[in-house]
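Data first, discussion second: the structure below is written as C-alpha cells.
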Amino acid sequence: MDRKRKWCVGGGAVLWVLLAHVAVALEVPLDPKVLEGLPQPPTITYQSPKDYIIDPRENININCEAKGQPHPSFSWTLNGTHFDVDKDPKVTMQPSSGSLVIDISDGDKGEAYEGVFQCTARNEHGTAVSSNVVVRQSRSPLWSKESNEPRIVQLGDSLILHCRPPVGLPPPIIFWMDPWFKRLPQNSRVSQALNGDMYFSNVLMEDSHSDYICYARFTHTQTIQQKQPITVRVLDMEAMNETVLASFINETDLFGDSPTGDRKPSFMVPPGTSSTFMVLKGETLQLECIAEGLPTPEISWSKDNGNFPEGRFLFKNYQKTLEVIKVTEADAGNYRCTAKNSKGLTHHVITVEVKAAPYWTGAPRNLILAPKESGVMTCLVGGNPKPTVTWSVNGVPIENAPNDTCREVKGDTIFLTDVRTGSSAVYQCNASNEFGYLMANAFVNVLSEPPRVLTPPNNVYQVITNSPALLHCASFGSPIPTITWFKEGQPSVLNGDPYVLHTNGTLEIHVAQPLHSGKYTCIAKNDLGSRENHVHLQVKEPTRILMQPEYKVVQRNRKAVFDCKVKHDPSLVPTMIWLKDDEDLPDDDRFVIGADSLSISDVTVADEGRYTCIMNTTLDQDSASATLTVVEAAPIVDEQPDPPADLELTDQLARSVQLTWIPGDEHNSQTQKFLIQYEDSRHDKGVWVNMTEVPGTKTTARLDLSPYVWYSFRVLALNGVGFSEPSAPSEQYRTSPSKPDDNPSDVQGFGTEPNNLVISWKKLTELQANGPALTILVSWKQKDVEQEWNNDAVDNNITEYVVSDTPTFVPYDIKVQATNLFGNAPEPEPVVGYSGEDFPSGAPASVKVEAGNDTIAEISWEPVPMATVNGRLKGYKVYYWREKSLLKEESQPEEVKVMIFSGNKTEGKLPGLHPFSLYNLQIKVFNGKGEGPQSATQTFETPEGVPGRPAFLTITPSLDSLILEWGPPEEDNGRLTGYTLQYQPVNNTSELGPMEEMNLAANETMVTLAKLKYSTRYKVYISANTIKGSGPTRTEEAATIIDEVLMRPPTVAVGTGPTEPPHPTSPPTQSPPLSPVFKGLPIGQPFRRVNSSVEENGAFITWEYSGPDNVYVEYNVENSKDAWTKEPVNGTQTHLIKGLKAGMTYRVRVVAKDHSDQTMHSTDELVITVPAMPNTQVDIATQGWFIGLMCAVALLILILLIVCFIKRNKGGKYPVKEKEDQHQDPEVQPMKEDDGTFGEYSDTEDHKPLKGSRTPSNGTLKKEDSDDSLVDYGEGGDGQFNEDGSFIGQYSGKKEKDTAEGNESSEAPSPVNAMNSFV
C-alpha cells in the first residue's frame, strides 16, 4: 500500500484502508531501550481487580500503575467525583505510580472508603483510565438468635437440617461438625447440599444426636460462626409399646402424610420433575440432585442429545453434584438426573441456559502511525445478550470530545484517515450487558521514526536437516519498514522457494538443508532510512540410532546386553538415557550403562519389560526400544531355525527391488534377525556377499542395487542358537548398465623425486563400475597458474600415475574421474598435491647460546629462507655434545645428542646438561627429504652447580665415639668447597634428638665423632658443597657400643652373699657386647662393609649392597638346628632385629634372593652375643626419701593418738564460764526467759546437742536449730562438745551416750578406729 496516498472516509475506501492496515499493523516494541526514546501516550500496566473486598486486618491497597513517555501523572475519582488524595491524611499515593494505600490500622472502619474507585493516568500525549474498582468492607455478621426445637422423625423417613447462615461478604464456607469439632460423616445417604443444608435420604436409629451444629467460616475476617445445636430423635414405632405409642399419637404430628417403610425415590432438591438453571460462560456449572427413598437411592446423570464435555466435567458428593468447568455455549441443554432404588426410579430434568458477560474476541490494539497514514481500531466483543460498545477518547465520551475530521466511529470500529502530527490520543472501548462490562485502553501514537532492527546482531540459529528454519528480523519504524533478505554470496533477494518471507520480517526455510547454512542479512527500510542486521544459520546432521536394541530372551541369572549405537552431528553434545517401561532404570548396580549399550547382570523375572534407548542433543533426539523376556534356567532344547523359503522379487526397479520370504521353524528360540546375501554372477560367480540385515519380525526387505550386475539372493535366519542353513537362491535379477556413480577415493599427490609428481588413488570395485570398459581419467595442473588441464586415461587396475619433469615442491590441482561406455562419473573436486622435495640448501644463521643455569641452555637462530627449504619445512635439529669437564682435563667427549624443534620454531632450551662443562652445538634444517647443511659450530660453557652426594659413608662404632669415612662425590659439578656433617641421636621409638652440625674441609674424607653417649643410636648426614650450595645428602645410622665393664656380673664368695658392685659414674643402662666376629666378603662381591651393634633385646645390622632389591636378614641361635628366621629389609641397607633373648648367642647373615627364593648372594655369618641385662627398674621401697617420709607419717599418727587418749580420759565437771564470757555467742549461750540475759551452762545442758546437729535419740531437730552443724563436717554420725567447749568427733562410728550426769565417756576411743578415721 502507498502509505502517502490519501483516502477519504467512506464506502469501499474505508474497507480498503481497513484491509491494508490489518496486513501491515505496526507492533509497539517491548524493548525498553527502544521505548525509552519514543514519545508514547499512557498505558495502564497494572490495576486492582474490579471487585475488591477489604480485609479489616490490613490496609487498603488499590493498585494503578502506568507507563508512558513522558511518565504519566495520576488522579482518582470516587463514585464519579474527584477524590482529593492530599486532603485525607490516611491516604497515600505511591511514588512513580498511582497506587493508593489507605491506612485503617488504627481501628478506623473501612466502610468510609466503600465505593467505586477509578484511576486516571495522563501525559501530554493522552489520558488512560482504569476499570472501575468496587471497594467493599468484608462482613461476618452473627447468627440470628433462634430456638431450635428437637426434630423428631420416624425411622426410615427423610430429613432436612437447615443451616441458613448469615449473609456475609464474601459468602461463608459451610460445614457441619459435632461439639468435639469432628466433621459429621457423609455418604450416599447423608450429605451436605450446595446451600449448606444437611439432607438425609432416610434416617437410621444411629442418627439420633443432640448436637448437630452448622458452622460458617468467613475467610476474610478469619472468623467462624456457630449455629445453635439441633437435636434429632429417631423413633422406631414397631419397637414402642402401646402406651408410649398412644402418647406420641396424641401429642405429636409424627405420622401425618409422611411415608413409612420401603418406597421409591423422590427428589428433595430440586423439587418436582423439571427446573431451569442459568450459568455464565467461562464459569463453573454446578447441578445438584438429592433424592429421598428407602433403600437409599443411587443418583446418575445424562445429557439429552449429547455427551458431557471431555475433560471438563466431574461428579462430586457421591454422584449428587455434576460440575462442569469453563462453561461454553455448547454446554447448554437438558441435563437429566435419575434416582433409583429397588422400589423404582424417578427423573428430574434441569434445563441449563448459558449466558455470557462481555468477553474479548478482538481487543483494541495500540497503533503507531506515521503522519498522513491511515489506520483502523476495532473493539470486537462477544456476549449474551450482545454487549453495547461505546468509545471514549482521553477519558471523555467520544461524542463529547472535540471533533476530529480524521476520525470516524462506526459501532465497534474507529477509522483514522490521514492522521496529523500531534493527534496522538488514548481511546477507551467499553462493552457492557446485564452481566458485566469490559473496558480497554488503546492509544494512537503518530510518530516519524527511521527503522530500527530489534533482533540482536549475529544471532546463530541451529536446526536439524529437513526441519524448518526461522530467521528473525524484528524491526520498528514509522512508517513501517519493509524487510528484504540476502544470503552471503547471493546478490538476489530471498523470496521464493525454498524461502518464505513473513509479514513480521521472519524468513522461513521449510526444509532446511546443509547447503542453506551460512550468513544471512536482513535490511529494514522506510522513507526515513534503512538498517541491516546479520544472522547465521547452521544446519546440523540429524541424530540417528544406527544399531537398535533387539528383542532378548535371557535365562534367569544370566546377562542381557542391549546395543544402541548412534550417529549424530559432531558439533552437538549427545546424552544417552535408558528407560525401563518408560520410567527411570532401577537404582541397582546390576544395570550398567556403557557408551553404546546397556548391560544387566544376573537378570531376574522383575527385569522383564521394554527397554528404551533415547539419544538427546540440544536440537533433536532419536529413540528405539526392545523387550527383555526372562526364562527359567531349566534345559530347553533349542535348535537352529529352518531356512526361509519361497523367496520372491517384486516391485522391480532399475536401482532397487523388494525381496519377500517365508520364515522357517524357529525351534523354541525366537528369530532375532535375517541376513540377506547376494551373488554377482557376472563379476564373481559362486561368491556370496552379505548385503543387509533385517529384524526377525520382518519378512520383507527393500534392497538397493547397483547397475550392470546379475543378482541372485538368499536369506539366512538367526536365533539364539545360531544361523540357519541358507535358503534356496532367488531368481536372477539383472540390472542395466549406467555411467559410474562414484569416483576413485583417497586421491593423493606427492613426489618421490625432486622432479616428479605421483598421483595415487583407491581403485573402484566391480560393483562400482556400473558398466563395461571402466577407465580412469587422471588430470593435473599447477595450482594458481593459468594453464590447461593435463589429462591421461589409465585402466581401472592401475592405482598410481607418475608425472615427470616437475618443478621441485610446487602445488598441483589433481582430479581422478571414473568413466565407462555410458558416460563419466560426477565431476570430482580437485585435490591439492605437491611435487617431490629436495634436500634443504640453506643453513641456520646467527646461532646464539646462553647457559640459563648449570643444566639448561637457551638457544636461538635465524630461520632459513623458505626458498632454500626445497620442500615442506618440518623443523630444525640441534646437535650438541659435551666436549669436556672444566674440572677434569682428562675427561673424554660424550656422544652427540639431538633435539628436534618442529615447524618454524627458532628458539628453545637444551635440558639435561652437565654443570661446569664445555659444549659444542650445531643446527640443521630438515624437510620430508632430509637434512640441510649444518650451521657454524658454537661453543659454550655451563656454570658450576651443586655437587652429587658423597660416593659412600661408612661408620665404625666404639664405646663413646663413631668413626666416619666417606668418598668424594662422583659428580663434582664444580670445585668442592667442603663438606657439611650433621648428626643426631635416635631413640627406640625412632624419635630424633637435637641436631649437631660440623663444616669440614674439601680434602677431608674421615672424621671421629667423640664423647658420644654409649649404647646410643645416631643418624649421620653428610653432603658436599660448591659455591652453588650443598648437594644431596647421604645418610647412615650406627650405634655406640655398650660398656661391658658396667654390666659384668658381681663376684660371689662361698658362704657369703653377693658383694655390692662398685658405683658407676653414670647410670648403668646398657652393656657392650662381645666383639662380633666379622669376615668381610672379597672385593667385587655385592655386599660390603657389614657391621653390627647390640641393643636391648636386639641387634642393629648395616651393610652396603649393589644388586637386586630382594634382600633379607636371616638369623638363628648358634649351634641350633632350627631353621633360619628370615626378615625382609624393604630396600634399605640397615635392619634392626628385635626380640632377641638376653644372654644368647646368634648367627646373623644378609642374603639376596631371586624371584624363586633361591639365594644369589650372601655375607659371611656374624656371631652376635646378647648380654644379660640388669633390671634397671628402681624399687621405691628401698629409696631413702620414701623411708624417711613413712617414718614422719608414723610419728605424727602416734602423737595424735596420745593426745586423743588423754582428752577422752579426763573426768569431772568444770565451768566454762570464762570461755563463754570470751566468746559471747548468742547461738550457743542460753537466754533467760524473763530478762533476755545470758545464763550459765547447767549440768542438764551438757548433753544437749549443738544447734543444727542431729539428736542421738530419734534424729529430729528443734525448730530453732540451725541447719549448719559441725557434725556435717565429720565422717561419724554424732558429735559433741566436751567440758571446755571443744568438739570431739567420733571417727569409729556411732556410740551410745552415758545417761549418767557428767560428760565422761563410757569407753576409750579405739586407736585403730582413730587411725582409720585419720587416714
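Any Cβ shown, glycine's included, is placed from N, Cα and C.
Marked as compositional bias 'Polar residues' by TrEMBL: 727-738, 1302-1319. Residues or ranges marked as compositional bias 'Pro residues' by TrEMBL: 1059-1075. Residues or ranges marked as compositional bias 'Basic and acidic residues' by TrEMBL: 1215-1235. For 42-135, 141-231, 265-353, 358-445, 451-538, 542-629, the entry in TrEMBL reads domain 'Ig-like'. The domain 'Fibronectin type-III' feature in TrEMBL is assigned to 643-738, 743-838, 843-945, 946-1045, 1085-1172. Per TrEMBL, the feature region 'Disordered' maps to 726-752, 1054-1075, 1214-1319. Residues or ranges marked as signal peptide by TrEMBL: 1-25. What TrEMBL lists as transmembrane segment is 1185-1206.
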Problem set entry | For the compositional bias 'Polar residues' (727-738), sequence-distant contacts whose Cβ falls under 8 Å of one of its Cβ atoms, 6 or more beyond its ends | 643-645, 647-649, 652, 654-655, 657, 659, 661, 679, 681, 705-716, 770-772, 820-823
Seminar exercise, completed: The recorded stretch from 358-445, 451-538, 542-629 sharing the largest number of CB pairs under 8 A with the domain 'Ig-like' (42-135) is 358-445
Exercise. Does the domain 'Ig-like' (451-538) reach the domain 'Fibronectin type-III' (946-1045), going by 3 or more CB pairs under 8 Å (6 or more apart in sequence)?
Worked result: no
Exercise. What does DSSP give as the helix, strand and coil breakdown of the domain 'Ig-like' (42-135)?
Worked result: 7 helix, 50 strand, 37 coil
Exercise. Per DSSP, what is the residue count of the domain 'Fibronectin type-III' (946-1045) in each of helix, strand and coil?
Worked result: 0 helix, 49 strand, 51 coil
For this session: Please give the average pLDDT for the domain 'Ig-like' (451-538) in this predicted model.
Result: 90
Problem set entry | Counts by DSSP class (helix H/G/I, strand E/B, coil) across the domain 'Fibronectin type-III' (643-738) | 0 helix, 50 strand, 46 coil
